[in-house]
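S.K.: This is the structure I have questions about; it appears just below.
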Amino acid sequence: MSKDLDKEDILYKKRHSIAHVMAEAVLDLFPNTKIAIGPPIKDGFYYDFEFKKQITEDSLLDIENRMREILKTGSSFEKEIISVEQALEIFKDEPYKIDLIKNFDLQNEVSIYKSHNFVDLCRGPHVENMNKIDPKAFKLTSIAGAYWRGSEKNPMLTRIYGTLWNNEKELRSYLNLREEIKKRDHRKLGKELDLFSIHEEIGPGLVFFHPNGAKIRALIEDFWREEHSKNGYDILFTPHIGKSWLWQTSGHLDFYKDSMFEKIEMDKSDYYLKPMNCPFHIAIYNTGKHSYRDLPFRWAELGTVYRYEKIGALHGMMRARGFTQDDAHIICTHSQVLDEIKEVLRFAIYMWSKFGFSNPKAYLSTKPDKSVGNDSDWEMSLKVLEETLSDFEVPYEIDKGGGAFYGPKIDLKIVDSLEREWQMSTIQFDFNLPERFNMTYTAEDGKEKRPFMIHRALLGSIERFFGILVEHYGGAFPLWLSPVQVVIIPVNNIVEDYAIKVFNKFKNEGIRIKLDNSSSRMNAKIREYQAKKIPYMFIIGEREATEERISIRTRTNEQINGMKLDEALKFILFKIRDKEI
């Protein structure tokens, strides 16, 4: 239900207006508080404050109540255009507003909005008056810290988040979804299901996969390798570290150094942990001479990279400092570009489908003001990307001028079961690195030419994709991805021999199966394995043992009684081999 809103959308205006109402309520309840900025955002709004005494979430209800009192006045939101000098006078006691104003051209005018007893430096837009806002359709949701202007060098402010919708029903729907998102948080489920951990004392942003999580990751990676081999890719392995000349040549030290770990001095040379895999693949390409007959090369790697993310930006598996990228680079001729791009998109859509995702949306980024490469290559590559999206009927938006300086790209996004949009795949032309590393091939006319290079990732970071899967399925992974697929629960010792026979029969077929012959009560076992999200429980009693059958209980409490053993095996194997979602 969440989406980015246009500034002229009524909900955008309502959220902008309620942020002003919240600021007034805060100033009423906490005099001498300093105000910073308060924009509408996806799903709601926020406002940043500097409090004399830090508040807690216990204060949110009081602020909400005061906001409703202000809304009852029905006051108008009135825009005024004033000079910069007037603005400096009005906000003379507001240091953060003064900081904003001082960045304005002194010859220009600025706009302010007045509502009830509040004045704010603001471009708008807003609703006409407070009667347009349903007082039952908003809620303050959380408090967080935020540096002024996003810089750690500046003061830490208190950010109050809220959400607002058109009516109470929409609000309730959103809050219910928010609760479900909390329940499915991959950090919470990662602990409950023993999937992974992060140890701050060892290093923030570094992910440790436990046996259950490692099994799922191995299944993802095995499937990835198998499908890439089927689709004409060769698998590469490259080092985690490289000398500084490599990163200087690639341009990373000039343009990406802030996101790299500090250099490592060794053997009188400087080394860096790799933030990307591309230069290593180019190094392999440049080990020999290539003819047009050799192309295209499709080289793929599950390459672990390291990027310095600020502590505050880290978020479990979704934003880590060490992660494995499902990178590939396609090196081809001009005439091969269209077919290669189409094949990448087809492959991406297929891969997502096996994990339960469909109906992608694309964002096509075009040439920025500053760029490398010639105009004809840019025009050709953009045309190829647009044609490919149209052929596959993928809806897309154009991000004009939003491309990297070295080439246009497509970002492909999917929507999960919680209605959230995730960027999954990137298809990126690169007119920069082939030039920097002097990549060539011998063309049909015998001349040396520059190949086209296409970067692509289908799943992105394996860690991030893992986290998305955890939340998408709420930890209840499809059968083929579940670390334990079946648990056998014998009802008593009399049937233990048959239970062992069933266990061995399924295990020999490669099914990940567990036999629980502990003394715990059967109902307690069922509850335990349902909580662990095990897909199937085989309940074996004396009748099942006598007739060589099993009774099946699912993690969602469905039951299939008295299925023949061989039929049960076929049933499970089919679901696994078909990768049924």
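Using N, Cα and C of the backbone, Cβ positions are placed for all residues, glycine too.
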S.K.: Let me know which member of His210, His228, His329, His334 Swiss-Prot also records as binding Zn(2+) at the site of Cys278, His455.
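M.R.: The one candidate that Swiss-Prot places in that Zn(2+) site: His329.
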S.K.: My understanding is the cutoff is Cβ-Cβ under 8 Å with a sequence separation of 6 or more in the same chain; which residues meet that for His455 (Zn(2+) binding site)?
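M.R.: His455 (Zn(2+) binding site) has long-range Cβ partners Cys278, Asp327, Ala328, His329, Thr426, Ile427, Gln428, Phe429, Asp430.
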S.K.: For the binding-site residues listed here (Cys278, His329), tell me which residue's CB has the most neighbouring CB atoms inside 10 Å.
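M.R.: Going through Cys278, His329 one by one, the largest Cβ count within 10 Å is at His329.
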S.K.: What three-state class does DSSP give His455 (Zn(2+) binding site)?
M.R.: strand
S.K.: If H, G and I count as helix, E and B as strand, and all else as coil, what does DSSP give for Cys278 (Zn(2+) binding site)?
M.R.: helix
